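First up is the structure itself, then whatever we jot down about it.
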Amino acid sequence: MNQTVIYAGTFDPITNGHLDIIQRSSRLFGKVIVAVAKNPSKQPLFSLEQRVELVQQSCQMLNNVEVIGFSGLLVDFAKQHNATTLIRGIRGADDIEYEIQLAQLNQKLAGQLETIFLPPAVEWRYLSSTMVREIYRHQGDVGQFVPEIVLKSLR
């Protein structure tokens, strides 16, 4: 499909699960915009600029992926970039209810904005940035969960 889609998140940090969703989306769609969100209600491990850079470096081999930092409403960002579809990763039942509510709210706010749910590959189903941060804060090894560039930035 020659369609522009958006995959949004805080990506603090980007994980191999995120990267799996980005890679698979890039095979399905003409252009994938990875929208790195500034979320004032969270205390990030990395600044917005650092997260954008880490995602860019993690995705550099994907020619149809663009990484952009943003703040504000995702529906407004989607309109600015002429995207009519959002990609959301869902790990399991715990994510589904929240993600459906979010998709319905986004559609209510933006009309034609659709959401496509992609589960991660089985080996990343349990993985989240929150878990990676917790392991890291307790001096655990996160090397198997994040791209190499993230691991280097954490050291």
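For all residues, glycine too, the Cβ spot is worked out from N, Cα and C.
Sequence-distant contacts of I90 (ATP binding site), defined as residues of its own chain at least six apart whose C-beta falls under 8 angstroms from its C-beta, comprise I96, E99, F117, L118, P119. The ATP binding site annotation in Swiss-Prot covers T10, F11, H18, G89, I90, R91, E99, W124, R125, Y126, L127, S128, S129, T130.
DSSP assigns T10 (ATP binding site) to coil, not to a helix or a strand. Long-range Cβ proximity for T10 (ATP binding site), meaning a same-chain Cβ under 8 A and a gap of 6 or more residues, is found for V36, A37, N39, K42, P44, R51, S129. Feature annotation from Swiss-Prot assigns substrate binding site to T10, K42, L74, R88; the stated evidence is sequence analysis.
According to Swiss-Prot, the site 'Transition state stabilizer' annotation covers H18. If you take the C-beta of H18 (ATP binding site) and look for same-chain residues 6 or more apart in sequence within under 8 angstroms, you find G9, F11, V55, G89, S129.
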Between L127 (ATP binding site) and R88 (substrate binding site): CA-CA distance (Å): 15
Per DSSP, three-state class assigned to I90 (ATP binding site): coil
Separation of alpha carbons, L127 (ATP binding site) and L74 (substrate binding site) (Å): 23
Longest CA-CA distance among T10, K42, L74, R88, per record bound to substrate, angstrom: 20
